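Remarks on the structure that follows.
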Amino acid sequence: MMYSKIIGTGGYLPSRIVSNDELSQSMQTSDEWIYSRTGIRQRHLASPDESCSDMAFYAAKRALENAHIEADAIDLIIVATSTPEHIFPSTATVVQSRLSCQRAAAFDVQAACTGFMYALNTADCFIKSGQYQNVLVIGAEVFSRIVDWQDRNTAVLFGDGAGAVVLSASEEAGILGTILHADGSHKELLWVPQGIGSSETDFATRRPFIEMQGREVFKFAVRSLTHLVSELLVQCQMSADEIDFLIPHQANSRIIQAVAEHLNLPIEKVIITVNQHANTSAASVPLALDYGVQNGIIKRGDNLLLEAFGGGFTWGGCILTY
(Lines of atoms letter the chains of each structure in order from A and count residues from 1; the text may use other names and numbers.)
(Lines give C-alpha, C1' and ligand atoms only; values in the text may rest on other atoms or scores of the structure.)
Protein backbone atom coordinates (compact mmCIF):
# COMPACT_ATOMS: atom_id res chain seq x y z
CA MET A 1 0.00 0.00 0.00
CA MET A 2 1.22 3.48 -0.87
CA TYR A 3 1.14 6.10 1.88
CA SER A 4 1.82 9.81 1.97
CA LYS A 5 4.38 10.84 4.56
CA ILE A 6 5.58 14.20 5.89
CA ILE A 7 9.29 14.41 5.05
CA GLY A 8 9.90 18.00 6.11
CA THR A 9 8.33 20.88 8.03
CA GLY A 10 8.91 24.62 8.06
CA GLY A 11 7.52 27.70 9.76
CA TYR A 12 7.70 31.47 9.59
CA LEU A 13 6.65 34.12 12.08
CA PRO A 14 6.91 37.89 11.51
CA SER A 15 9.55 39.65 13.58
CA ARG A 16 7.15 42.05 15.28
CA ILE A 17 5.88 40.67 18.60
CA VAL A 18 2.94 42.34 20.34
CA SER A 19 2.40 41.44 23.98
CA ASN A 20 -0.85 41.56 25.89
CA ASP A 21 0.54 44.47 27.87
CA GLU A 22 1.09 46.42 24.65
CA LEU A 23 -2.50 45.76 23.56
CA SER A 24 -3.76 46.98 26.92
CA GLN A 25 -2.36 50.42 26.08
CA SER A 26 -4.79 50.84 23.18
CA MET A 27 -7.89 48.99 24.39
CA GLN A 28 -9.64 48.14 27.64
CA THR A 29 -7.97 44.84 28.47
CA SER A 30 -5.05 43.39 30.43
CA ASP A 31 -2.58 40.54 30.30
CA GLU A 32 -4.47 38.78 33.09
CA TRP A 33 -7.83 39.15 31.32
CA ILE A 34 -6.51 37.80 28.01
CA TYR A 35 -4.38 34.99 29.41
CA SER A 36 -7.00 33.66 31.82
CA ARG A 37 -9.55 33.34 29.01
CA THR A 38 -7.35 32.23 26.10
CA GLY A 39 -3.89 31.17 27.24
CA ILE A 40 -2.36 33.81 24.94
CA ARG A 41 0.59 35.94 26.07
CA GLN A 42 1.66 37.47 22.76
CA ARG A 43 1.26 37.31 18.98
CA HIS A 44 3.39 37.99 15.89
CA LEU A 45 2.07 40.61 13.45
CA ALA A 46 3.12 41.12 9.85
CA SER A 47 4.83 44.37 8.89
CA PRO A 48 2.95 46.71 6.51
CA ASP A 49 4.99 45.48 3.53
CA GLU A 50 4.70 41.78 4.44
CA SER A 51 2.10 39.72 2.57
CA CYS A 52 0.50 36.31 2.91
CA SER A 53 2.57 34.98 0.00
CA ASP A 54 5.77 36.32 1.59
CA MET A 55 5.17 34.29 4.72
CA ALA A 56 4.04 31.23 2.76
CA PHE A 57 7.22 31.43 0.67
CA TYR A 58 9.52 31.62 3.70
CA ALA A 59 7.80 28.70 5.44
CA ALA A 60 7.90 26.66 2.22
CA LYS A 61 11.62 27.28 1.74
CA ARG A 62 12.34 26.00 5.24
CA ALA A 63 10.16 22.93 4.70
CA LEU A 64 12.02 22.12 1.48
CA GLU A 65 15.38 22.56 3.21
CA ASN A 66 14.35 20.32 6.10
CA ALA A 67 12.99 17.72 3.67
CA HIS A 68 16.28 17.76 1.70
CA ILE A 69 14.37 18.07 -1.54
CA GLU A 70 14.78 20.51 -4.43
CA ALA A 71 11.96 22.83 -5.44
CA ASP A 72 11.80 21.37 -8.94
CA ALA A 73 10.83 17.99 -7.45
CA ILE A 74 7.51 19.42 -6.22
CA ASP A 75 4.50 18.34 -8.29
CA LEU A 76 1.79 20.39 -6.57
CA ILE A 77 1.52 23.35 -4.19
CA ILE A 78 -1.60 23.83 -2.06
CA VAL A 79 -1.97 26.93 0.12
CA ALA A 80 -4.67 27.14 2.78
CA THR A 81 -5.54 30.75 3.53
CA SER A 82 -8.44 33.09 4.22
CA THR A 83 -6.28 36.21 3.79
CA PRO A 84 -4.70 36.19 0.31
CA GLU A 85 -3.36 39.47 -1.01
CA HIS A 86 -5.09 38.91 -4.36
CA ILE A 87 -8.59 37.77 -5.24
CA PHE A 88 -6.73 36.01 -8.03
CA PRO A 89 -4.22 34.66 -8.86
CA SER A 90 -3.99 32.25 -5.96
CA THR A 91 -1.33 32.59 -3.29
CA ALA A 92 -0.08 29.14 -4.32
CA THR A 93 0.77 30.35 -7.83
CA VAL A 94 2.75 33.27 -6.40
CA VAL A 95 4.69 30.86 -4.19
CA GLN A 96 5.22 28.53 -7.16
CA SER A 97 6.86 31.33 -9.12
CA ARG A 98 9.07 32.50 -6.26
CA LEU A 99 10.27 28.97 -5.53
CA SER A 100 10.85 28.29 -9.25
CA CYS A 101 8.78 25.10 -9.07
CA GLN A 102 8.49 25.13 -12.84
CA ARG A 103 6.37 22.00 -13.28
CA ALA A 104 4.18 22.23 -10.17
CA ALA A 105 0.44 22.76 -10.33
CA ALA A 106 -0.82 25.23 -7.72
CA PHE A 107 -4.07 26.29 -6.08
CA ASP A 108 -5.53 27.61 -2.81
CA VAL A 109 -8.13 26.15 -0.47
CA GLN A 110 -10.24 28.12 2.00
CA ALA A 111 -11.73 26.48 5.07
CA ALA A 112 -10.84 29.15 7.65
CA CYS A 113 -8.88 27.74 10.59
CA THR A 114 -9.43 24.17 9.34
CA GLY A 115 -7.85 25.04 6.00
CA PHE A 116 -4.59 23.19 6.57
CA MET A 117 -6.42 19.96 7.42
CA TYR A 118 -8.45 20.24 4.21
CA ALA A 119 -5.30 20.98 2.19
CA LEU A 120 -3.36 18.11 3.77
CA ASN A 121 -6.17 15.67 2.99
CA THR A 122 -6.32 16.91 -0.60
CA ALA A 123 -2.58 16.36 -0.97
CA ASP A 124 -2.87 12.91 0.62
CA CYS A 125 -5.55 11.91 -1.90
CA PHE A 126 -3.48 13.13 -4.86
CA ILE A 127 -0.48 11.10 -3.70
CA LYS A 128 -2.44 7.94 -2.91
CA SER A 129 -4.09 8.15 -6.34
CA GLY A 130 -0.65 8.01 -7.93
CA GLN A 131 -1.02 11.35 -9.71
CA TYR A 132 1.66 13.19 -7.71
CA GLN A 133 4.74 12.17 -5.73
CA ASN A 134 5.67 15.34 -3.81
CA VAL A 135 3.22 17.98 -2.61
CA LEU A 136 3.99 21.20 -0.74
CA VAL A 137 1.17 22.01 1.70
CA ILE A 138 1.15 25.47 3.29
CA GLY A 139 -1.07 27.29 5.78
CA ALA A 140 -0.52 31.06 5.78
CA GLU A 141 -2.51 33.93 7.28
CA VAL A 142 -2.37 37.67 7.95
CA PHE A 143 -5.42 37.90 10.19
CA SER A 144 -4.16 41.22 11.54
CA ARG A 145 -5.57 42.72 8.31
CA ILE A 146 -9.12 41.54 9.03
CA VAL A 147 -9.22 42.24 12.77
CA ASP A 148 -10.96 45.28 14.24
CA TRP A 149 -8.26 46.57 16.58
CA GLN A 150 -10.88 48.42 18.62
CA ASP A 151 -12.72 45.18 19.46
CA ARG A 152 -11.05 43.48 22.40
CA ASN A 153 -13.18 40.37 21.99
CA THR A 154 -11.46 39.49 18.70
CA ALA A 155 -8.32 41.62 18.42
CA VAL A 156 -6.56 39.82 21.27
CA LEU A 157 -7.07 36.38 19.74
CA PHE A 158 -5.22 36.40 16.43
CA GLY A 159 -1.71 36.51 15.03
CA ASP A 160 0.06 36.15 11.69
CA GLY A 161 2.35 33.42 10.38
CA ALA A 162 2.83 30.48 8.05
CA GLY A 163 3.61 26.79 8.37
CA ALA A 164 4.41 24.24 5.67
CA VAL A 165 5.05 20.54 5.13
CA VAL A 166 6.39 18.49 2.25
CA LEU A 167 4.18 15.43 1.79
CA SER A 168 5.69 12.63 -0.30
CA ALA A 169 4.77 9.17 -1.53
CA SER A 170 6.15 6.47 0.76
CA GLU A 171 5.91 2.75 1.38
CA GLU A 172 6.21 3.51 5.10
CA ALA A 173 3.13 4.40 7.10
CA GLY A 174 2.33 8.11 7.05
CA ILE A 175 -1.17 9.55 7.08
CA LEU A 176 -3.35 6.77 8.48
CA GLY A 177 -6.77 8.39 8.36
CA THR A 178 -8.52 11.74 7.92
CA ILE A 179 -12.01 13.01 8.74
CA LEU A 180 -13.42 16.38 7.61
CA HIS A 181 -16.72 18.01 8.57
CA ALA A 182 -18.66 21.20 7.85
CA ASP A 183 -21.90 22.83 9.00
CA GLY A 184 -22.74 26.04 7.17
CA SER A 185 -25.88 26.67 9.19
CA HIS A 186 -23.77 28.38 11.85
CA LYS A 187 -21.84 30.72 9.55
CA GLU A 188 -22.81 33.92 11.39
CA LEU A 189 -21.26 32.76 14.67
CA LEU A 190 -17.75 33.22 13.25
CA TRP A 191 -17.27 35.11 10.01
CA VAL A 192 -16.17 38.15 8.05
CA PRO A 193 -19.49 39.29 6.54
CA GLN A 194 -18.15 41.48 3.74
CA GLY A 195 -16.83 39.80 0.59
CA ILE A 196 -16.13 40.86 -2.96
CA GLY A 197 -19.26 39.06 -4.14
CA SER A 198 -21.50 40.50 -1.44
CA SER A 199 -24.77 42.17 -2.39
CA GLU A 200 -23.88 45.01 -0.02
CA THR A 201 -22.82 48.01 -2.10
CA ASP A 202 -22.88 50.82 0.47
CA PHE A 203 -19.29 51.23 1.66
CA ALA A 204 -20.41 52.91 4.88
CA THR A 205 -22.27 49.80 6.01
CA ARG A 206 -19.71 47.20 4.98
CA ARG A 207 -18.39 44.86 7.66
CA PRO A 208 -14.84 43.85 6.67
CA PHE A 209 -13.68 42.51 10.05
CA ILE A 210 -13.97 39.25 11.97
CA GLU A 211 -17.20 38.95 13.95
CA MET A 212 -17.55 36.18 16.51
CA GLN A 213 -20.00 34.93 19.11
CA GLY A 214 -17.28 33.56 21.35
CA ARG A 215 -19.32 31.57 23.84
CA GLU A 216 -21.29 29.73 21.15
CA VAL A 217 -18.15 29.04 19.12
CA PHE A 218 -16.42 27.63 22.20
CA LYS A 219 -19.27 25.22 22.99
CA PHE A 220 -19.59 24.01 19.40
CA ALA A 221 -15.82 23.60 19.03
CA VAL A 222 -15.42 21.51 22.18
CA ARG A 223 -18.37 19.30 21.28
CA SER A 224 -17.24 18.84 17.68
CA LEU A 225 -13.56 18.24 18.36
CA THR A 226 -14.05 15.76 21.18
CA HIS A 227 -16.36 13.75 18.91
CA LEU A 228 -13.90 14.10 16.02
CA VAL A 229 -10.94 12.61 17.88
CA SER A 230 -13.08 9.63 18.88
CA GLU A 231 -14.10 9.18 15.23
CA LEU A 232 -10.46 9.24 14.15
CA LEU A 233 -9.42 6.60 16.66
CA VAL A 234 -12.21 4.31 15.45
CA GLN A 235 -11.34 4.89 11.80
CA CYS A 236 -7.66 4.11 12.38
CA GLN A 237 -8.43 1.23 14.77
CA MET A 238 -6.27 2.80 17.45
CA SER A 239 -6.62 3.56 21.15
CA ALA A 240 -5.85 6.91 22.73
CA ASP A 241 -2.77 5.54 24.48
CA GLU A 242 -1.23 4.85 21.05
CA ILE A 243 -1.18 8.60 20.33
CA ASP A 244 2.22 10.07 21.18
CA PHE A 245 1.28 13.72 20.65
CA LEU A 246 -1.83 15.80 20.08
CA ILE A 247 -1.25 18.76 17.77
CA PRO A 248 -4.41 20.84 18.13
CA HIS A 249 -5.53 24.03 16.49
CA GLN A 250 -4.06 26.80 18.62
CA ALA A 251 -7.13 28.93 19.25
CA ASN A 252 -7.80 28.75 22.96
CA SER A 253 -6.07 26.88 25.79
CA ARG A 254 -9.41 25.79 27.28
CA ILE A 255 -10.49 24.10 24.04
CA ILE A 256 -7.09 22.40 23.82
CA GLN A 257 -7.41 21.19 27.40
CA ALA A 258 -10.91 19.82 26.79
CA VAL A 259 -9.75 17.70 23.85
CA ALA A 260 -6.68 16.46 25.74
CA GLU A 261 -8.83 15.45 28.71
CA HIS A 262 -11.23 13.62 26.40
CA LEU A 263 -8.27 11.57 25.14
CA ASN A 264 -6.87 11.17 28.67
CA LEU A 265 -3.63 12.64 27.35
CA PRO A 266 -1.30 14.35 29.84
CA ILE A 267 -0.51 17.94 28.92
CA GLU A 268 3.10 16.89 28.24
CA LYS A 269 1.76 15.04 25.20
CA VAL A 270 0.13 18.16 23.74
CA ILE A 271 2.02 20.62 21.55
CA ILE A 272 0.97 24.09 22.70
CA THR A 273 2.05 27.30 20.97
CA VAL A 274 -1.05 29.45 21.47
CA ASN A 275 0.70 31.30 24.30
CA GLN A 276 3.39 32.55 21.89
CA HIS A 277 1.61 32.65 18.51
CA ALA A 278 -2.08 33.27 19.36
CA ASN A 279 -4.52 31.95 16.75
CA THR A 280 -2.86 31.96 13.33
CA SER A 281 -5.86 30.26 11.67
CA ALA A 282 -4.78 27.92 8.85
CA ALA A 283 -1.12 28.35 9.86
CA SER A 284 -1.80 27.18 13.40
CA VAL A 285 -1.43 23.39 13.06
CA PRO A 286 1.62 23.35 10.73
CA LEU A 287 3.36 25.94 12.92
CA ALA A 288 2.75 23.82 16.01
CA LEU A 289 3.95 20.71 14.17
CA ASP A 290 7.11 22.49 13.05
CA TYR A 291 7.70 23.74 16.59
CA GLY A 292 7.52 20.19 17.91
CA VAL A 293 9.85 18.85 15.23
CA GLN A 294 12.46 21.61 15.37
CA ASN A 295 12.65 21.45 19.17
CA GLY A 296 13.20 17.69 19.17
CA ILE A 297 9.90 16.95 20.89
CA ILE A 298 8.41 15.03 17.96
CA LYS A 299 10.53 12.21 16.56
CA ARG A 300 10.30 9.82 13.63
CA GLY A 301 7.84 7.02 14.31
CA ASP A 302 5.65 9.07 16.65
CA ASN A 303 1.90 8.80 16.15
CA LEU A 304 0.37 12.26 15.92
CA LEU A 305 -3.25 13.39 16.06
CA LEU A 306 -3.82 16.72 14.30
CA GLU A 307 -7.13 18.59 14.59
CA ALA A 308 -8.61 21.99 13.82
CA PHE A 309 -11.88 23.92 13.98
CA GLY A 310 -12.83 27.09 12.12
CA GLY A 311 -15.46 29.35 10.65
CA GLY A 312 -18.12 27.79 8.49
CA PHE A 313 -18.23 25.88 10.71
CA THR A 314 -15.53 23.54 9.48
CA TRP A 315 -13.56 21.01 11.48
CA GLY A 316 -11.32 18.08 10.75
CA GLY A 317 -8.30 16.07 11.72
CA CYS A 318 -6.00 13.20 10.92
CA ILE A 319 -3.81 10.60 12.56
CA LEU A 320 -0.37 10.10 11.07
CA THR A 321 2.93 8.44 11.80
CA TYR A 322 5.68 11.02 11.57
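Even glycines carry a Cβ here, placed using N, Cα and C.
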Q: Can you dig out which of the ranges 20-24, 25-29, 250-254, 310-314 Swiss-Prot describes as region 'ACP-binding'?
A: 250-254
Q) With every protein chain in view, how many other Cβ atoms are within 10 Å of the Cβ of HIS249 (active site)? A) 30
(Q) Quick check for the class: what is the C-alpha distance, in angstrom and rounded, between CYS113 (active site) and HIS249 (active site)? (A) 8
Q. Relative to the Cβ position of CYS113 (active site), how many further Cβ atoms are located within 10 Å?
A. 32
Q.
Cα-Cα, whole number of Å: ASN279 (active site) versus HIS249 (active site)?
A. 8
Q.
Under DSSP, is HIS249 (active site) part of a helix or a strand, or is it coil?
A. coil
